[in-house]
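These come from TrEMBL:
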DOMAIN    14-120  domain 'PRD'
DOMAIN    219-359  domain 'PTS EIIA type-2'
Amino acid sequence: MKPNDTVTNPIDSLLDTDFIQNIHNILKSAFRHYMLDIDFSDNIYSFSMHVDGLIKRSKAMQPAYNYAVRSLKSDHPFIYEVAVYIANNIKKAYNIQINDSEIGFICIYIGSLVENAIYRTQIYCFFLCENYHQVKQYLYNKLRKILPDTIQLIQGTFENLQNQSVDLVITTDNIVHLPIPVIEVSPFLTLADIDKINKVISNLTGLYTSMKASTLFFEFFQSDLFYICDDFQDKYEILDFLAKEMVHHKIADTNFPDSVKNREQLSSTCFSGKYAIPHAIELNANKTMVSVLISHKGIHWDQENIVNIVLMISVRREDRKRFIELYESMIQILENPYKLSRLTNVNSFDEFKTILLQQI
């Protein structure tokens with residue numbers, strides 16, 4: 001939807017046009033905030049209907065419950081973050097309370113729109129099948145179905161391959177050695193073939209994740225923003241300490257601590273009950289950085305969660321697109337139980353860096 005567009009209310013609409021326009025403006029503001037170019041014109045009426053129901057449930061104090069919230073947060077952290085931002089603006093506009101479950105439903109509504117607007121690192125795969133022409137298209141179509149969305153599949157001849165910059169080759173041919181992984185499969189594409197493909201893709205994905213994490217680490221982490229401390233009693237003491245340290249280092253302004261606390265009150269920034277990634281609602285810091293606090297004994301974060309690792313992110317306005325990359329990369333690393341366990345017990349910044357960037 002273009003920035004100046006106004007909404008058109010369906011003839012048989014049950015909603016007021018001004019209400020739909022308000023919801024349109026809230027979505028537009030959220031997507032602009034995260035620098036997402038999204039056309040939501042086909043979705044605005046159904047989403048407005050959902051928000052209308054949300055408002056009525058809140059005023060009747062009968063919120064919906066979504067038991068998939070925890071998995072939504074860990075599996076789609078950035079989409080959930082956009083949903084939190086939208087929920088906050090709905091909350092302020094209509095003076096209501098919105099719980100995590102309702103945020104989860106917003107996350108589901110906007111999920112496909114946001115996902116399609118996010119650029120993710122692609123793995124380029126070349127499919128070569130010169131000795132089984134009769135099944136070439138069948139194999140290509142089957143590969144398209146089984147490969148994840150992060151794989152760009154290209155097909156062509158061996159001569160084409162010489163001029164392509166790709167990450168791996170899947171082929172039915174016995175070809176000469178190449179400086180990239182080559183997966184030879186049968187013309188029937190058996191389960192064993194698919195298993196081979198998945199293992200290579202998993203290894204490549206892990207390698208690229210480590211490379212990306214290394215780039216992000218050296219850009220956004222520094223030793224004077226690394227702390228090991230067991231003296232804090234609850235999460236708000238930690239939030240206050242880390243946020244004020246950011247202000248002290250001139251990374252953020254004096255409004256930053258309050259914005260971090262306000263974001264935490266909207267929806268907990270704890271993941272998997274073990275670590276937390278707090279940040280401000282507004283992405284307008286002086287510098288994009290990550291502050292780290294390790295608590296060996298753990299801090300009571302929410303009622304049932306004890307957190308050992310806290311990563312506080314400040315984001316400069318110009319780095320809003322980098323926030324997606326930074327946020328999701330950190331969660332992807334910390335969702336690894338082995339790494340999380342080792343990081344919980346580190347005693348220095350160098351040890352933290354070594355374990356964080358170690359490929360598993």
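Keep in mind that glycine also has a Cβ here, set from the backbone N, Cα and C atoms.
Note: TrEMBL annotation is automatic and uncurated.
In the domain 'PTS EIIA type-2' (219-359), helix, strand and coil residues by DSSP number 62 helix, 36 strand, 43 coil. The average pLDDT for the domain 'PTS EIIA type-2' (219-359) in the predicted structure is 95. Here the domain 'PRD' (14-120) has, by DSSP, the following mix of helix, strand and coil residues: 76 helix, 0 strand, 31 coil.
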